[in-house]
C-alpha cells in the first residue's frame, strides 16, 4: 500500500465489517410538476396505473451500460448541434422522455385529423373540400404565401370563447377534442400519448424493414448497382429537356390528388387489387424473367454462342396434406439420365450439380411424400406427369447426365418459371400452379373446397436450364427437349 495515497480522514475496515461495504438502498421518487393554485390538482393515480408511471425508467434501464466518453459528451456553445447539445445521460433522457410524452399529444391529434381526411374516413364531402382547396392553390400558387396568416386566423377563431362554449358540434361530427398542451403523468391522456409513440415507432421500423432490401443495390453490394447507376444517368440526361415541356401546375395537381385516389375505399378494396393481379404482377414477372435472361446472356462465353443452345425442363410435383408438416428438400436422391440411360455419370462434362434459386419450401402441408402410390413422381420430365425421374428431394440434391455431346451452361443454374408460361393460367410468386386432386383445373391459387377433408389439391412447378452442344457439328442431331 506504499504507492497508494490514503486520505487522512479514512479509517481501515475490520474483516468482519461486511454491511458497511454494501451500497445503501436508493429510493427513487418522481418530482411533482410545479403549478399554481389556479391549475387543477393532479388526479389520484390508481395502483393499476402506477406501473405506467415508471415506464420511462423501465424502458431506459437497459441503457445503463452505455459509455459516456468520447463523442457522447455534450458540446455547449453557439455552434453546438441539437443532437450533441447534452451528454448522454440516463437522468436527462428520462426527464426529456417524460416531458415529451406529456406534450406530444397535439402533434398526434393533428396527424389523426390529416389521416382521416386523406383516407376518406370523415366522408366524401370533407375530403372533396380539401381536394378543391389544393386544386385552387395549384392554379394560383401565389396564395400559398397567405397560408401562415390563414392558419393563425383559423386557430384564433377555433379558440374563441363563443366556439369553445359550444363543443357539441364537434361531438356530432365525430371529431375528438384537442388534447391539452400538457398532461399529468399516469392519466388517460398521458397513456394515449404513450400509445401513439409506441405505434409510431412500429411504423418507422416497418418502413425501414421495407426499404432495407433495396439498400444493397444502392451501396455496390450487388452486381445490379452499376446497371442502376447507368440507367439513372441516362434517364437524368433525357429528362432535362422534358422538364421545360411539362406544365408545372397540372403536374402538381395530378401528383397531389393521386394519393386521394389510391386511399379511396373503392380503390383499395376493388380497383387496386384487380390492377395488381391482372396488370402489375404479370408485367413484373415478365420483366424480371427478361432481366435475368439478359444477365445470363451477358455471362455466356464464345463457346456458347458458336454452338447450338437448347433448354431442358423438369417439373416438381407436390400434394397437400392438412396433417403434414413436411419441409421439401429433406432427402437427396439421385436422378436418372435426362435423355440418357445412365445414373450419375462419371463424365465431367455431363455431370452437373443443381443449386436451387428459390430455396427450400417451408409451407405447411405441402410435401412430395404426400403423393399417392401409383401417381406421378416428385420430379418428372413430361408436363403430363409421366417420365418420372426422382421420388423426392429438393432440386439442389439432383444430379443427372445429358445425351452425348450436350452439357449444361456453366454460368447458369436451374430457375423456376415464375410466369407459368407453360400453361394458359398464371402462376403464383414462386412459380407454382395449383390443381385439384386429379391434377386438373389449373389455377394460380387453390380453391377453398380443395382444402376440405373430402377434397384434395396438388401443385406443380416448372424448372428450366439451358444446355449447349459440345460435340462435332457433323454429329449434331438436335435435342428432343425444348
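Placement of Cβ uses the backbone N, Cα and C atoms for every residue, glycine included.
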Annotated range (TrEMBL: transmembrane segment) out of 227-246, 287-306, 307-326: 227-246
Per TrEMBL record, range annotated transmembrane segment [choices 100-128, 129-157, 158-186]: 129-157
Range among 11-46, 47-82 that TrEMBL annotates as region 'Disordered': 11-46
Feature transmembrane segment in TrEMBL, mapped to one of the ranges 266-284, 342-360, 361-379: 266-284
Integer mean pLDDT for the domain 'TECPR1-like DysF' (87-319): 88
